[in-house]
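Participant: Provided herewith is a single structure, encoded as structure tokens, for subsequent inquiry.
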Amino acid sequence: MYSARRIALGLLAAAAVAHAADAASDVTQLNKETFEDFIKTNDLVLAEFFAPWCGHCKALAPEYEEAATQLKDKNIKLAKVDCTEESELCQSYGVEGYPTLKVFRGPENITPYGGQRKAASITSYMIKQSLPAVSVLTSETLEDFKGTDKVVVVAYIDASDKTNNETFTKAAESLRDSFPFGASNDAALAEAEGVTAPAIVLYKQFDEGKAVFTEKFEDEAIKSFVKVASTPLIGEVGPDTYSSYMSAGIPLAYIFSETAEERKELGDALKPLAEKYKGKINFATIDAKAFGAHAGNLNLPTDKFPSFAIQETVKNQKFPFSVEKEITLEAITSFVEDFDAGKIEPSVKSEPIPETQEGPVTVVVGKSYEDIVLDDTKDVLIEFYAPWCGHCKALAPKYETLASLYGESEWKDKVVIAKIDATTNDVPDEIQGFPTIKLYPAGAKSNPVDYSGSRTIEDLIKFVKENGKYGAEVSEKAEEETPVAPAASSSSSSSSGSGDGGSTSTSTSSEAAKASDVHDEL
Ligand SMILES: *[C@@H]1O[C@H](CO)[C@@H](O)[C@H](O)[C@H]1NC(C)=O
């Protein structure tokens, strides 16, 4: 049996070799015998940890091959490890999902691969990794260097100026995954480029072609210069750029349009405005065919384009431009000026504020959220629900009982039991599932407490008592007088209330519903 196994393994190994040879691959397949040696003898290696059955791995394979071939003569090696055969090796590198890509500079220096899984991205990412964070440039190499990427950053520093050299190098280290950085101490070259040391020039293959930094060299100032100057005047919002726009710390103005021609046309029309607000408001087009649903997040219709909106990215406020009006430089200029002057109210999606509160539970809408939930004199328990959510329906009768108990108690002016339909009203909180229940204690509105207990009246009372300012407790006695049977039976016919506090989306499997029935106390 032992020898049979050896033969089988031998066959597998031979098959693997034959396969690799067939494809004439530039990707080196490694195992636990060869891995260590390979990363010791090659200065820069990108390793993919994969499983043969994994779909994303299959999609990556041809891209990975192509990148390996392109990087071959740059002495950057691409390797792969089959984790179904080398589980120990994969575990030792903390691989948790497939594919996992890691950059190795020797066995000690390992960083996650931060690019996209496309040949071009892999190639450009790894070339950047292979360069020192700052390349030393001369009059011979500068022009070539400018061509290495859409944006490159070059410092002109005196040979004796150690302080500025260090400051620039530090900033470059932290941005090395995004841009190539270079430096020169050739005064004549600086002059030819129109600057005097110390200065930084950001060369870009779009817009005005370059931007110059002549302020005092400081880490933050350099980084923010690079961030602003490298952002195209009119960029494009997409999966690659969205998060950097959201973290830019300044508002983003979206130009939604369904065709590339129209996006170009509108972008060109608004360029003077984008120029004027550069560094203050980012402007970008967005493909409404692919990402039209995003218009809804900005309180714009999702079926009427072109359209325009500004998002205040820090406070997450939305300022949609009326789709009834035409997008012209003039109209958008006055809209943006008003926005900048604080003259436009953010758009809040909201149902009308109810004229009277019908039931025991206080109904909150987008427009009354601040007045009710953030009322600093009251402990407010609020449920974020969706009309289609089964667990929310199951909770409803219990929640009403809870509201009645407080409403008829000595605490009626101190404790509010509220609910908001989070599908038809903007809420400032991020809601992960329905129902979400939070307590906003009086005097501590910026520190809401998430409810994660079971959805029983008893536990909800305990939660309000323990986390609210007033320690308000009511007795559950009245509950026995409330007929609950009809509610309970209707809830078990749809999906049922959860006893363990787990939130859910639309559908609940019948098993889960049964399991939570067990915990359901009403
Ligand atoms: C910056 O300092 C490094 C290390 O001392 C040196 O190699 C490099 O040439 C300096 N850069 C310039 C532009 O003088």
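Easy rule for this one: first residue shown is 1, then count along the chain.
Positions of Cβ are set from backbone N, Cα and C atoms, glycine also.
Predicted automatically and left uncurated, TrEMBL annotations should be read as such.
The signal peptide feature in TrEMBL is assigned to 1-23. The annotation domain 'Thioredoxin' is assigned in TrEMBL to 7-177, 339-469. Here TrEMBL flags CYS54-CYS57, CYS389-CYS392 as disulfide bond. Per TrEMBL, region 'Disordered' is recorded for 473-522. What TrEMBL lists as compositional bias 'Low complexity' is 489-510.
So that I understand the layout, could you describe where these features sit and how close they are to other parts?
Facilitator: Summed and averaged per residue, pLDDT over the domain 'Thioredoxin' (7-177) gives 88.
In this view, CYS57 (disulfide bond) is surrounded by 21 other Cβ atoms within 10 Å of its Cβ, with every protein chain counted. According to DSSP, CYS57 (disulfide bond) sits within a helical segment.
DSSP labels the residues of the domain 'Thioredoxin' (339-469) in these numbers: 39 helix, 25 strand, 67 coil.
Cβ neighbour count for CYS392 (disulfide bond) (all protein chains, 10 Å cutoff from its Cβ): 24.
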Participant: Among all chains shown, work out which of the disulfide-bonded residues CYS54, CYS389 has the most CB atoms within 10 A of its CB.
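Facilitator: It comes out as CYS389.
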Participant: Distance between CYS392 (disulfide bond) and CYS54 (disulfide bond) at the Cα atoms, whole Å?
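Facilitator: Cα-Cα distance, CYS392 (disulfide bond) to CYS54 (disulfide bond): 37 Å.
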